[in-house]
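Okay, here's the structure, questions in a sec.
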């Protein structure tokens, strides 16, 4: 397996594009409409936000994916189409418009929106933007699409990987956005994944649902789960492998490849968190079970106290223990070790749940880097997991409090 | 029922004091040792942090309260005695020392610590400080004690109330600290409550355990549950009422009085949250059950996004809906109304889970006050609850990230 270029267009038979259509009326240089189209019909699956307040596009996409098939993804930024008038109708019309222009059935379109909530999303920009969008579709359009779904993300985020199934070269590509904020509302995590591997819709859903437990669900910028989060995956089978229709070696290979892509994007999302100056990774090992390791690592990177300490480049291990201790998980807190690391080295700061003598200067030097690792050993089992977040900075408060000024 | 002065010394027969004994070696003007002593033996109860990493004093206090009796509370600030060498031994010695000086049994002493974790708490300052502390004990010492338990709290916090049982005047008094931070570690919420009402230890525990669900457990500054949180209550019976030994009118009266005190202190803690410029109250009504109302109101005041918006004085109702939606509770999000208010008025911003047309200028004017109310109506039941938090500000990040500079 190896990383390759191309994002969502790395797999065979996927075209993509992004244009400015006018949903963001104030900034004509910012793309606000993205489209990904497969040459062949795809097996498709998705996972959605757990928020009870859901964007209207989620209801429509869920209905369209009932048959496990899709041909394209259309996504606008600048308006979340959430708690807004005629939301479902607008999302359905967007699918009809897209389908008409690419020659597909509206029921085979996945639709997503991200941006302001509570404001009506109008059809006019879609109608104006669809012809140039479809015209711009290209087998090299991955980056265009990744850019068009950005809100306050500071960089576009894509990733692709190549691997082999039955002697056939397969690829998985993806774009993601999020942990940015859109004036004046909320962050949305979106990720669109494409693959030319042949895999049934059922196994695709299974792979995706498992994968997010160790990738997108293990990141946090501010603990606020958006109303529009969606991860969608389409598999067009054009790599020519035997369709993966059950568990086994091929499915495991596919899942490993998928995780190679999603983990990279999850880290990119965390590193681009609002106001962030540092990516913080917490690895928990020695856990009694996998889920406990996941919960504990995520609790550490979610702690405002720990995040503030990382911004201050202070090896405040007490806050790590505190965040482990209040996590909703069943474990013993009696024999915890903590190390902190970066490209500058690793320092042990806690052993047997107590201070491990260390140089504060050395620790501060290690924490001066842009990527920080916090290694936790619970010393009570064999399972491990990781989670990714960012530091809490003045700019987070500024972006989310002062955005009008 | 009415509010009165005196804090923990408002009830009959409670003396209190606070001195500087040297645990905070750097600031000789900051009191760091507090003592509350009852003239008579008390029924006593306590609730503790749910954090798995617990301060050593909690283990000792829990053991001492096994018989439901206590005579005094001793508490130091400046060192949490958590993840520190010989923690339990030090906490026990502190009880022995206190008991010797006030003429009591060590097993009748409640001991608490708040401050730095991971550093050894030495006995020497206690030995030096106990004689002047005991000498300073006074029936007017409530404020001294409230000051001695402060860490980075900017104001001391106390409250007392007077009520009648069987024609006898009874009082409940309390001191609290927290939502402040101690260099270099974590926030601790402590509250000590005294009463001269006669009530059995069992009913006292029941009253306290119920009460905190609507008071201290409904506040959040940063979502980080400390290792040392403790709320302890002592009832010496000196008011002369018939002992409350079962549920009934007297117990209900006692619980109402207790809540009058704890709700005031809970609000004071939230308002004095690190870096806070505003107290934010969220009232949820129309809920299908009480627990749902509690969870939802707390989710709103805990959202970093909403907290940042309040700092920016922006009526960002989408963030309120978002925080309701991701709360772990079972309710319908289809017909939610939201109003925001302050001393300057009330403005409706959301109805039927969608935008309710309003003036943004009027809303901003209302949010310019120091105490903000967010009124949520779920329109699906008769239960209600409230929670209290504060805004998220540059200073929160500064206090927790930059404290070394």
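Backbone N, Cα and C define each Cβ position, glycine as well.
As the structure is a computational prediction, the values presented were derived from the model and not from experiment.
So TrEMBL lists the following for this protein:
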ACT_SITE  B:188  active site, nucleophile
BINDING   B:151, B:177, B:188, B:274, B:400, B:405  substrate binding site
Kindly assign residue B:400 (substrate binding site) to one of the three DSSP-derived states: helix, strand or coil.
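In the DSSP reduction, residue B:400 (substrate binding site) maps to helix.
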Within 10 angstroms of the C-beta of residue B:151 (substrate binding site), what count of other C-beta atoms is obtained when all protein chains are considered?
25
Could you tally the C-beta atoms, other than its own, that fall within 10 angstroms of the C-beta of residue B:400 (substrate binding site)?
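The answer is 29 other Cβ atoms.
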Near chain A by Cβ (under 8 Å): which of the binding-site residues B:151, B:177, B:400?
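Listed in sequence order, the binding-site residues near chain A are B:400.
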Radius 10 Å, atoms counted are CB only; among the binding-site residues B:177, B:274, which position scores highest?
B:177
Kindly assign residue B:177 (substrate binding site) to one of the three DSSP-derived states: helix, strand or coil.
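Looking at the DSSP assignment, residue B:177 (substrate binding site) belongs to a strand.
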